[in-house]
Every structure is written in structure tokens, then in C-alpha cells.
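Positions annotated as ATP binding site by Swiss-Prot, on the basis of sequence analysis: 26-33, 144-147, Leu173, 181-184. What Swiss-Prot lists as active site, proton donor is His33. The beta-alanine binding site feature in Swiss-Prot is assigned to Gln57; the stated evidence is sequence analysis. The annotation (R)-pantoate binding site is assigned in Swiss-Prot to Gln57, Gln150.
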Amino acid sequence: MKIVRTIAELRQHLSAYKHPAFVPTMGNLHEGHLSLLRQAKPLGDVLVASIFVNRLQFLPHEDFDTYPRTWEADCQALQAAGCDVLFAPGEQELYPEPQTYRVQPPAELADILEGHFRPGFFVGVSTVVMKLFACVQPRVAVFGQKDYQQLMVIRGMVRQFALPIAVLGVATLRAADGLALSSRNNYLTPLERAEAVHLSQSLQQMAKALRAGTVDIAALEQQAMVDLTARGWQPDYLAARRRADLQVPAADEVAALVQNDGLVLLGAARIGNTRLIDNLEV
């Protein structure tokens, strides 16, 4: 595996290839990341991963400074997963001057759910992904569906800017008890880790209610919030949305959406000091 630190060296090295496959990460890799790499490997003639903790997508009170950085373990894991090129720029390389030009996703997608609770998050994500795409120039890019809204934002960006990149979403990998794999799971205490599965279980209960005929989305979401709060969580949202646009479905379209696999349930909640997200397609 070749490790590259500069954009110039990356472009020079990749000039020998025609179909790069790309998996961007922030490091602290787990089996979920490695599953993305394995999916990406046969899709191109060179497999590129990046490690870059992107300051633009963190709010001032969030965990940019404490986000786990596990360089040696990450390099070993990437090599074992078949990565050919690791692009690991420093902040000065990717942002040599203030990033005053930014990608602004539409408010109806970027200012709801995660975007409501993390203002500016999707501007930061879109901007760094656009910049990484410009550096790598992949033919295919692979992302996890755990970050469901992020995947939709990136797909929309690629479509509207006519980027010649196929964006592939890969199903969320889960622990044996159902907890979605996440770098932030490392923050959990043993007691919190045992409790953490209840976020995915809350979404499963919502799905069960929808399949049983529930059409009152507001009441469904409110009850799920109450139930999770009673367990000691601080939920930001537990939401049922249309898969197509992440908007709230009208009561008279819920049944048809459930029947035609047209809904997604999304949740974000804090247990202790750790904020977790998850989703479930219905």
C-alpha cells in the first residue's frame, strides 16, 4: 500500500490508472469501514482510501480534538483489506488557505434531522467530499448507509454537478446485538455499550407499528422519543420519512409507502456523553 500525503503526488501516482475506486474516511477504522473497502475493491483498477478528520464538519463544542486517531492500526487494517493507495493529507495540504468557497446543499435536505441539530454539518461534509473527489477523481465512490442523510446529500451533489462518479451505498454493518458499528462506539462505557442497542430497537419498534397499520407519524415519533428518554437517553430525533426526499409523509400516503418500501426511520440520541445515529429502511 502506497501512502501519499500531497495532492500533487496523489495525482501523479493515479495518472497510471483509469478507474479509481474511492472510500473516504476519517480514520479510527472498524469492520464497517473495511466492508466498504471490500465492496469497492472489484469496482476499479486501483483502490484509494483517504484518512482526514475534517474540521469543517464539526461544531465548536463537538469532538474534533478528541476524535479517535488510530494511525498505525488504520494502516494495518487498510493494507489487509486490499487498499492500494492511502491519501492522508494534513490540514494545511487540503486547506492551505481559508476555505471560503463551500458547497451549500439545499436547505430542505441539509437543514433537517442531522442538519438541524448540527448546523453547517452538511456544508462541511459536501465541501470536503467535493475536494477529495477533485483530488482522487474516482470513477466510483463508496459510502456507508449508516450515514443515510449524508449519502443522500452526496448523491445529490454528484448529480447536480454532473460529476462522472458512481456513488454506491453499502448496508450498515452491525454488532451481534444489532448496534450499528461506529467509530464513536469507542466512547461508550461498558454499561452504555449494553444499553446502546436500544436505539436500533426503537427504530425496529417504530417499523413494527408502521407495518401494523399506524399512520399517525407525529404520534409514533413522540412515543418513541418518550420511551427512549425513559431509559436515560437524550434523543434528538426519531423520525419516519420518505426515502425519496426525507420529508414527512402525509397520513394518506403512509400505508402505500410501507407497502412499497418507501419509508426510512432515522434516529439520533445521546447516551451518556456519546451521540449515536442509526436508520432502518421500511
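Glycine is treated like the rest: Cβ placed from N, Cα and C.
Not measured: the values here are computed from a predicted model.
In space, His33 is the closest of the recorded positions His33, Gln57, Gln150 to Leu173 (ATP binding site), judged by Cα positions. For Leu173 (ATP binding site), other Cβ atoms within 10 Å of its Cβ number 18. In this structure, the binding-site residues Gln145, Gln150 were compared by how many other Cβ atoms lie within 10 Å of their Cβ, and the smallest count belongs to Gln145.
A separation of roughly 16 Å, to the nearest angstrom, links the Cα atoms of Gly32 (ATP binding site) and Gln150 ((R)-pantoate binding site). For Gln150 ((R)-pantoate binding site) paired with the residue listed as 'beta-alanine binding site', the C-alpha to C-alpha distance reads 12 Å. Here the Cα atom of Gln145 (ATP binding site) is found 11 Å from that of the residue listed as 'active site, proton donor'. Neighbour counts were taken as the number of other C-beta atoms within 10 angstroms of each residue's C-beta; across the binding-site residues Gln57, Ser183, the minimum falls on Ser183. All protein chains included, the residue listed as 'active site, proton donor' registers 24 other Cβ atoms within 10 Å of its own Cβ. Recorded residues Gln57 (beta-alanine binding site) and Met26 (ATP binding site) have their alpha carbons 11 Å apart, per Cα-Cα distance. Neighbour density around each Cβ, counted as other Cβ atoms within 10 Å, peaks among the binding-site residues Met26, Leu29 at Leu29.
It is 9 Å from the Cα atom of His33 (active site, proton donor) to that of Ser183 (ATP binding site).
Reduced to three states, the DSSP call for Gln150 ((R)-pantoate binding site) is helix.
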